[in-house]
Structure formats: structure tokens, C-alpha cells
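Record features, source TrEMBL:
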type	residues	note
TRANSMEM	14-34	transmembrane segment
TRANSMEM	100-119	transmembrane segment
TRANSMEM	139-166	transmembrane segment
TRANSMEM	187-214	transmembrane segment
TRANSMEM	329-350	transmembrane segment
TRANSMEM	370-388	transmembrane segment
TRANSMEM	408-431	transmembrane segment
TRANSMEM	452-477	transmembrane segment
TRANSMEM	483-504	transmembrane segment
TRANSMEM	548-570	transmembrane segment
TRANSMEM	576-594	transmembrane segment
Amino acid sequence: MGASSILPDLGTEILIPVCAVIGIAFSLVQWILVSRVKLSPGRDSGAPGNSGAAGKNGYADYLIEEEEGLNDHNVVVKCAEIQNAISEGATSFLFTEYQYVGIFMVAFAILIFLFLGSVEGFSMKSQPCTYDLSRMCKPALAPAALSTLSFLLGAVTSVVSGFLGMKIATYANARTTLEARKGVGKAFITAFRSGAVMGFLLAANGLLVLYIAINVFKLYYGDDWGGLFEAITGYGLGGSSMALFGRVGGGIYTKAADVGADLVGKVERNIPEDDPRNPAVIADNVGDNVGDIAGMGSDLFGSYAESSCAALVVASISSFGMNHELTPMLYPLIISSVGIIVCLITTLFATDFFEIKAVDEIEPSLKRQLIISTVLMTIGIGVVSWIALPPSFTIYNFGDQKLVKNWQLFLCVAVGLWAGLIIGFVTEYYTSNAYSPVQDVADSCRTGAATNVIFGLALGYKSCIIPIFAIAISIFVSFSFAAMYGIAVAALGMLSTIATGLAIDAYGPISDNAGGIAEMAGMSHRIRERTDALDAAGNTTAAIGKGFAIGSAALVSLALFGAFVSRAAISTVDVLTPKVFIGLLVGAMLPYWFSAMTMKSVGSAALKMVEEVRRQFNTIPGLMEGTSKPDYATCVKISTDASIKEMIPPGALVMLTPLIVGIFFGVETLSGVLAGSLVSGVQIAISASNTGGAWDNAKKYIEAAASDHARALGPKGSDPHKAAVIGDTIGDPLKDTSGPSLNILIKLMAVESLVFAPFFATHGGLLFKIF
């Protein structure tokens, strides 16, 4: 075992923070570039100097704008006004949400401290170590206090990353609209850069905070690495518990507004989407930011924090941790650091190396992002595995140590990385209107909404097949090579290109908002076509992002499950024992219960919204004629109140289940519940996301009328189009509330069980102890 890694420990201690700082610096540079698009109508709003590339094509741009007569101040002023309204709405909602979540956070932190402190009766004496009873470790109060601290750290980081993402998106949406006047390429670059700001900030922040936390905790723990990394798991729990409320609250908010706006506006009143006469239109655009951006940001941050924590916990009881080899121990963080650099190079491909000139180059360019980042990352992982790992080492595997070579660990990470790419492409195939599945769904609209719904559901169920095989193969390969550690690093591999994944994901809602602003500011039809093209590509990339989130959630929660089983000292989980089997059944039911809650919340909130929108159309004189303004604020308030009220029960279900099961039924039943919820949750999540995405793009396919087939299905307002709108409306809560929240349910229950494992192992299973 004597051979150590090539990279010295000092190298690691420099590499990780430097990569994180580079990531943060890069996102600031992108932000400065976006902010060059001026939103205040100065004397130079159309002057050559403002086109970004004055001289060569500055003059031409100026002429085009003169021709279209778009060089007027009103458009810019209007865009700025609308952007302001959206930004204010989003900020006020997030502040309200964070107040409630903050109360919960403090309460849960106290709970963690009490539960973990009570394991040894709050004693201050040193305890024998969990995995090595011959040595003495820190008292049980230490992990209790430090787990609580890392929980709060994770929660705050998660909240901040969501909030910053939302701020950037609301900053960039109107700028994207204004750039669309100059052509689709300019608008694309603005939207994509803004997405990149969020992706890099989040990846770098998550890495930096985790790295600093480890170093600070090390001051106290010294050589007891097992205890140290156990205390760090709270970081993942904090990240995901905030993500849950962000996802559920934001999802209910955005879909209540969207469904309300669509049903009254498009179906009853026959006015286009994002028409300024529609009272719910501001709430709908605010929703895109709080649900898709803030929610998605927190969600992927949570995945990232948890997969790092799961890998670190397993590593700390393997040869890395026992021999105190710092570099291989921090292998998961080194992968993420290299990922930031890889994504940085990849981003330049989209913004600087290739310029987009036509509408049909948008989607290929985004797909190229995924491929380039995956290929470069594979090389990066190879190099890292070669320099940061010893040639061979042992990994803890349910009680014994398993011998592993460094190339095997490389394969574990790579298999996760490529599985992510495959899931992304399968998702794209099933949700993009360039391929037959969505075109078939659109075609089924000829016979009404019912066939559209049937086709859409079938598509979603069918789209589970390949992703599940991809996840299954990566689990098998990585487990055979490196036990649970292999699965944890496979999840990290899938998330290693998180900066690019988030960039193309955040790009979607930004373009969506840009289209809404163009419509509300009354810009010309050509500009709306450009933003629609950006938006349709954005729908697909959002679906790809959700695919990544779900796939990584499955791997992460399996890794956490492994860490939980080791920590709770269960050697095998036997499905045939009744204790475990009832857990499996109940666990498999939880995603359905959770989905029922979130869907019904969206439904009842949408009902209130529809009534309000109808009331305004019926009672405000001159609203349909466009002579008087609707009352946007009431609709925003309805969405805010509904989502705050409705996010509590589903959140409580997820947070309380592991506690109740662990305390009353013990760790065996809990392991059953975790396995059951993982197995059923992944299927529902994939099918719900893809069904919703397909319905949305089937509607866009009919509206864009880009092919003879699409034109035959009718202009906007035809019967097939109305059927497509109904499908899209049903799909909204599926793809933006239930589906994406489920992956948090899967991860969160697993990481929570891991954090509370010492308590459940000593005090759990009350009911079985009585009988």
C-alpha cells in the first residue's frame, strides 16, 4: 500500500480553492459582458457603438434598426419597466419564502443537535471510534454541534445560490429581448452567458464552501477523519432541504400562474400567450424565475453537495482516511475543480468560437455543449485519477476492505459521466419537436385533447426505458469496481459538468422570459419569432437538465443509502424479512403521495388564479380593448400565498418520514423505505418530466408552423391547437412541480437518514422493542 499519489498534498490544497476562485471570476466576467447591453434609453440606444462589435458591423446593425423603426425609446423603456416588475415580484416571493424556510431551518437545526447529542446522553467524554474501537474519538456532542453547523452552512449556501441565480436571470431577460432586435445569435449569446453566470457561481460556491468547511472542522478533529466527514454530511442535508422548499414552493407558484393565464387567456379569450392584457402574465414570468431558476439551482447544488458528502464519508473509513492521505481523500473535490475548468473551456465554444447565425443552429449548439464538456471531462478525470490516486488502495465495503486500482475508479466516474450524457440525449429525443415522438403527440391533437393526453402519457412512460438501463449499468459497473464509493463518484461524474448543465438549463427560463417581455412590450412579429425559437430550444434543455438531476439523484441516493447502511451497522438488507418488505412497499408509495400533494396544490392554486383572471376580464372596463391596465399585483399575491401555504405539507412529508420510520420502526424498515422510494421515485420523475416537456413542445410545434405537417394542424386557435394547449396545461404541474421535486424527495430522505443514523441505531425501533 506504500505507494502514494503523484500530486502532493500541498498541490491539492492549492488546486481546489484556485479552481473555485477561477469559476467565480469567470462568472463575474460573463456578468459584466451581459451588463454591457444597456437598458436605459440613452442617446446611444441604437448608435453604432452599442452593437458590441462597432466598426465592422456596427453601421449595418444601425441601418437595420432604422428600417424596422425599432429604434424608439418606448420599447426600451417598456422592457425596463416589465423587467422591473418581474424582478420585484421574484425578489419579494423569495424573501417571503425564505422567512418561512428560515424558521424551519432553525427548528430543524435544533432537532439535529438534540437527536445526535442524545446518542451518548450529551456526554463530553471521548468515545471509542465507530469503525475502530481500539482508538478514542471526539465526544458525541462534537458531531452533534458540527453536523448542525454544517447543516446551516449547506442551507445558507443553497438559498444564496438560488437567490443569485434568480437575480441574474431577472437581470438578463430584458437584455436578451433587446439583443433579439439585432438577430438571433446576439440574443442567444446574452441568454447563454447569463445562464453561465449562474452555473459557474453555483459550482464554484458549492466547492469553495465545502472545502473551507472541511479545513475548519479539521482544526478541531485533527486525525479523526471518520468523525470529521460524518459531521460534514450535514452540508448535503442543508442543501437539499432548502432545495425541496425552493422546488416545491417555486413549482407551485409558477404553475398556478401559468395554468391560470393559459386557461383564461388562450382557451377562453383567444389572446396570445404573454399578452399584456392578461392579468396573470407578470406572475407567470416571475414563476419561471423562482421555479425553474432558483429551484433548479438549489436542487443541483443539493445533489452536488450530497454526492461529495457520500463519497467523503465512505472514503474516510477506507485506506485514504485510515492512512490520512489527503489528496486521494479529497479526490471527489478535485474532480469538481477540474469540472469547473472543463466547463469554462466548453462555454467559450458557445459564446466565442462559433457564432450562431440561424434559428436552426440553436439546439445543435446547446447539444454540442454537452458533448464537448463530456469528452473533455473524460480526459480530465483520467488525468486526475492518475495523479491524485495511489496505484492501488482499499475501499470499505459493508464491513470488509476491497482492493481497488486507480483505473477502476476512473471508469466509475466516467461511466457516471457518460450515463448522464445518454440520459440527456434520450430526454432530448423524447421532448424536442425535431423528432418523431413529439410530432406524433402533436399529430394526435387532430382528434382532440383526449388522444393528445393518451399519447403524451405513453411517451413519458416509454421514455423511462433507456435512462433506467443507463442508470442500472452505471450502478453495476461502479459497484463491481469500487463498492459504494464507486457509486458515489459515479454520481459526482454525472454532476462534474454541473456548470455547463446549469448554464443550458438556466438559459431556458431566461429565453422564455425574453419572449414574454417582447410580447408585452409590443415588439414586432419577427422578434417574437426569434425569442420563440430560443424558447423552444430552452424547453428541451430544461428537460435535459431535469434528466441530469433525476439520474444523479438516483445515484446519489444509492450512495447515501450505502453510507447509511454502513453507518447504522447493518451488514445486509434482506428483502424477505417482513420489517424490510413493509418498508419497501411504503417507500414505493411515498412518491405517489408526494406527487398527489403537489399536483393538487397546483390545481387548487390555479383555480383561484382562474377565478381572479376571469373576474378582472369581466369587471375592468376596457381591459380586452387594451385601454386600461389589469391588476397584476393581485395575481402575484395569489400565487405567492398559495405556494407558501401549500409547500409545507409535501415538505413535512419528506422531512418527517425518515424520522418517524427510524424512531418507531428502526433502521431495517428505514432501509426498506429508502430503497422503495428510490426505485419508484425515479420512474415517476422521468415520466412526469418528459410527458410535460413533450406536451409543451407539441404545442410549440403547432404554433411555429415550420413544416407542412405542422401547418396542416392549424394556425393558433384551431381545434388541434386548442387540444395541444390543454395537453400543455396538464403537463405543466407534471414537468415543473411534481417531476423535479421527486428527485429531491429521493435524495433528501437518504441524506437525512444518514445524518440521523447514529441516533436511529442506538434509540430507534421503539415499536419492535415493545413487542
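Cβ coordinates come from backbone N, Cα and C, glycine included.
Owing to the predicted nature of the structure, the values given are computational and were not obtained by experimental measurement.
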Touch test for the transmembrane segment (14-34) and the transmembrane segment (187-214), at least 3 Cβ pairs under 8 Å: yes
The transmembrane segment (548-570) versus listed stretches 139-166, 187-214, 452-477, 576-594: most Cβ pairs under 8 Å: 452-477
Contact check, the transmembrane segment (187-214) vs the transmembrane segment (452-477), 3+ Cβ pairs under 8 Å, seq sep 6+: no
Proximity of the transmembrane segment (370-388) to the transmembrane segment (452-477), 3+ C-beta pairs under 8 angstroms: no
Chain residues in Cβ proximity to the transmembrane segment (452-477) (below 8 Å; excluding those fewer than six residues from its ends, i.e. six or more beyond): 411-412, 415-416, 419, 422-423, 426-427, 430, 437-438, 440-441, 444-445, 486-487, 490, 547, 550-551, 554-555, 558, 682-683, 686-692, 694-695, 698, 723-724, 726-727, 730-731, 734
